[in-house]
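Data block below; observations after.
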Amino acid sequence: MRTPFVVGNWKMNKTAAEAIQFVQEVAKGLPSQSIVESAVAVSPLYLQSMVTAAKDCPLEIMGENIFYEQSGAYTGEVSPQVLKEVGANYVLLGHSERRMYFHESDEIINRKVMAALEVGLKPIICCDETMGRQATGDQIHWVVSQILTDLRGLTDEQMKQIAIAYEPSWAIGTGTSATAEQAEEGCYLIRQTVADIYNDEIANEIRVLYGGSVNPDNIADLMAKRDIDGVLVGNASLQSDSFLKLVNYQK
Ligand code: PEP
C-alpha cells in the first residue's frame, strides 16, 4: 500500500515571513492523522525556521536542490548533510528548471541522488518530457534513458528510499495539465522501467508522482489512476487554502 503524497514546489517564491505564515495557516487545517503525506520544497534560506514552525504538524519541509558533495570549496552550493541537519527529510532532484537553466545532466543528478542517500535525505527525482518528444513517440526512450542514468548504482534498499516524478515540461506552469490518462501512461512507464531494472517488489513499493498544472479541481482524477501515487505541484501549492484542498483531495 503506497501512501499518497502531495508535494508542493515553491521554487524561488515567498519571503521568509510569508513562508512562516503559510505553515501557521496549514497547521490549522492539516489533520494530524491524515492518510495523505504532505511536503513543501522551499528555499534553504528559511527551511529551518519553517521546520521549527511546523514541529507540531505533519507537514514535511524539504529541499529543492543540493550539491553532490557534502562540503568543500563549492561557493554558493547547498550541502546535503547540512540540509538534513536543519530538518529536511526529502529533497527534489532533477527538476526540469534545474535541467534547463543550470544544465544539470542525468550524470550530475545521479551524483546528487547518491549524496542525498548518503546522509539519509530521500530524493524525489524528476524526469521531464517535451511536447515534441511526445508527438513523435520519442518520450518513452527519453524518460527511460533519464531514469537509467539517474538511478545508476542504487541498491535495492536505496531504491526504497526514493520517489520519482513524471513531469512533462509542456504542462509545468502552463495551466494545461496532462490528462489523467497521459499522466498515468508516464507514471506506468516509470514503474515498468523500475521493474525492468530492479524487480516487481521494488516497482510496487516505489511512489511515482505526476507534476504539471495540478490544482484542486483536477487532483482527484489524477490520483484515481493506478500508477499515480502523488502529485508535485508548483503554482497551486503557494497559497495555504489551495494547498490544503490538494492534501484533502479525497474529501
Ligand atoms: C513544478 O514546478 O514542478 C510544477 C509542476 O509546477 P506547476 O504545478 O505550476 O505546473
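Glycine is treated like the rest: Cβ placed from N, Cα and C.
Nobody curates TrEMBL annotations by hand; they come from automatic prediction.
According to TrEMBL, the protein has these features:
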type: BINDING; residues: Asn9, Trp10, Lys11, Gly173, Ser213; note: substrate binding site
type: ACT_SITE; residues: His95; note: active site, electrophile
type: ACT_SITE; residues: Glu167; note: active site, proton acceptor
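Projection of TrEMBL feature records onto the structure.
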{"residue": "Asn9", "record": "substrate binding site", "DSSP (3 states)": "strand"}
{"residue": "His95", "record": "active site, electrophile", "DSSP (3 states)": "coil"}
{"residue": "Glu167", "record": "active site, proton acceptor", "DSSP (3 states)": "strand"}
{"residue": "Gly173", "record": "substrate binding site", "DSSP (3 states)": "coil"}
{"residue": "Ser213", "record": "substrate binding site", "DSSP (3 states)": "coil"}
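With a cut-off of 6 Å between Cβ and the nearest atom of ligand 1, the binding-site residues Trp10, Gly173, Ser213 reduce to Gly173, Ser213. Cβ proximity to the substrate site centre (mean Cβ of Asn9, Trp10, Lys11, Gly173, Ser213, cutoff 8 Å) flags the following additional same-chain residues: Gly8, Asn13, Ile172, Val233, Gly234, Asn235, Ser237, Leu238.
Each of the binding-site residues Asn9, Ser213 was scored by the number of other CB atoms within 10 A of its CB, and the lowest score belongs to Ser213.
Ranking the recorded positions Lys11, His95 by how many other Cβ atoms lie within 10 angstroms of each Cβ puts Lys11 at the bottom.
Taking all protein chains in view, 13 other C-beta atoms sit within 10 angstroms of the C-beta of Gly173 (substrate binding site). Put simply, Asn9 (substrate binding site) is 10 Å from His95 (active site, electrophile) when counted between their Cα atoms. Local packing around the Cβ, expressed as the count of other Cβ atoms within 10 angstroms, is greatest for Glu167 among the recorded positions Trp10, Glu167. Annotated pair Gly173 (substrate binding site) and Glu167 (active site, proton acceptor), C-alpha to C-alpha distance, rounded: 11 Å. In this structure the C-alpha atoms belonging to Lys11 (substrate binding site) and Glu167 (active site, proton acceptor) are separated by 15 Å.
Taking only the Cα positions, the spacing between the residue listed as 'active site, proton acceptor' and Ser213 (substrate binding site) is 10 angstrom.
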